[in-house]
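*Asks:* This is the structure I have questions about; it appears just below.
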Amino acid sequence: MEVAAGAPRSRLLLFVLAATATLAPEATAFQCFCHLCTKDNFTCVTDGLCFVSVTETTDKVIHNSMCIAEIDLIPRDRPFVCAPSSKTGSVTTTYCCNQDHCNKIELPTVGPFPGKPPSGLGPVELAAVIAGPVCFVCISLMLMVYICHNRTVIHHRVPNEEDPSLDRPFISEGTTLKDLIYDMTTSGSGSGLPLLVQRTIARTIVLQESIGKGRFGEVWRGKWRGEEVAVKIFSSREERSWFREAEIYQTVMLRHENILGFIAADNKDNGTWTQLWLVSDYHEHGSLFDYLNRYTVTVEGMIKLALSTASGLAHLHMEIVGTQGKPAIAHRDLKSKNILVKKNGTCCIADLGLAVRHDSATDTIDIAPNHRVGTKRYMAPEVLDDSINMKHFESFKRADIYAMGLVFWEIARRCSIGGIHEDYQLPYYDLVPSDPSVEEMRKVVCEQKLRPNIPNRWQSCEALRVMAKIMRECWYANGAARLTALRIKKTLSQLSQQEGIKM
């Protein structure tokens, strides 16, 4: 394109004008194409610029070609008339030039025009296009909420052919859990069912209902081949607790009538989250805490609850030497909520996630670095004031004894003699808040040296008097002076014989 030779412009201005296609007119006149000039052979003469435009509206396209006089070029270096424009309902594209018939060109259109619906879509189709994505988003959100709400209810499916390691022939039809446990204890290593059998059992359990929640996750009642089981489902962040508890439960020779019967452990990754399952025997009475809240007990019932708890703890604490031996184990979180009541009125100790084992050969204790664990209300004085000897395994056993003395106090309060009994309460209910801190417990137990109150009426009943004596000997500030679990078991066994109680 040419630019007016006589225009007093710098080289920079020439470059800008050329780049923007906004041109000053030639000094002499020239001819342009004019679509309205029918008498002059569609030609006009101007001393300004040739002009061409195309205007698009919602329903038509208008082409326009003509001459623009120099006097109409305002401002002269960037005329408004040569600038493209856009307003509601139309878009105009323009082009100005300064050579003969330079505007005789076809400008491109921008179509389809903005705001105009595609010619192929009617009102119904347009509504479908708009409503479709909206419905999809709504359904997706509802599905996500449903999955999140019911994720723990997802049933384990029967193993399929894509997972041959879980094929059903490993457990024949008609086999019961009792059969499997019997075979394991009589012919196996005594350390639990084979992992393949555990996984097969876990993945064929149908969950029925949630029966409890805790800091680890949730407990469900489930069914395996018609038999009721308890399923403890750990949250994924509690994987260490799940692994530790499964490991402790599978300790050689641990199985005992007063230790919760372990059945299986399994982890299942469904692609979105990991479920960590611990399957055990189901006891419909629930925890000792729940049981004592609901019922009072007779003297016989009190002795059965206490003796079975002591028997379970004595078995945990005891080391069995031999080829199929068992290491000594300390519970470290003994309380009424971690003891279950069986159908026959006896107890079994559960929740071994914080337990520690002692290797007598090397005199080592497998314990996490943080020793301040368990429930603050049941912590022994030496745990509260940090004076416990972490390198001495007996220290952990003695702390368990202190906690068991508090559990006995909870049981004895609910023993009804002549229709008289105390309401259920947690230990130190009258001395500390419902969720006491370590400092609050330390002040009461270590500084003030207070212990739960023993009612005077207990002295009028031999069984309650013996229970009170055992409690006091479990609560000594000096752990070495406390009774052992085996000594307590023997004392309660003698009491049960005196009372004519059959366990």
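Cβ atoms are placed via backbone N, Cα and C, with glycine included.
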*Asks:* Which candidate, C32, C34, C37, does Swiss-Prot give as the disulfide partner of C50?
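*Replies:* According to Swiss-Prot, the disulfide partner of C50 among C32, C34, C37 is C32.
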*Asks:* Scan N41, N344 for the residue that Swiss-Prot records as N-linked glycosylation site.
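*Replies:* Per Swiss-Prot, the residue annotated as N-linked glycosylation site is N41.
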*Asks:* Per Swiss-Prot, which of C67, C82 is disulfide-bonded to C96?
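*Replies:* Between C96 and the options C67, C82, Swiss-Prot records the bond with C82.
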*Asks:* Could you tell me which of C67, C97 is bonded to C44 by a disulfide, according to Swiss-Prot?
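*Replies:* Between C44 and one of C67, C97, Swiss-Prot records a disulfide, namely with C67.
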*Asks:* Determine the Cβ neighbour count for C50 (disulfide bond): the number of other Cβ atoms within 10 Å of its Cβ.
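*Replies:* By my count, 28.
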*Asks:* According to DSSP, does D333 (active site, proton acceptor) fall in a helix, a strand, or coil?
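*Replies:* DSSP call for D333 (active site, proton acceptor): coil, neither helix nor strand.
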*Asks:* How would DSSP class C67 (disulfide bond) in three states?
*Replies:* strand
*Asks:* In Å, rounded, how far does the Cα of D333 (active site, proton acceptor) sit from the Cα of C32 (disulfide bond)?
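*Replies:* Rounded to a whole number, the Cα-Cα distance is 100 Å.
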*Asks:* What subset of the recorded positions C37, C96, C102, K391 lies within 10 angstroms of C44 (disulfide bond), using C-alpha positions?
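*Replies:* Correct set: C37.
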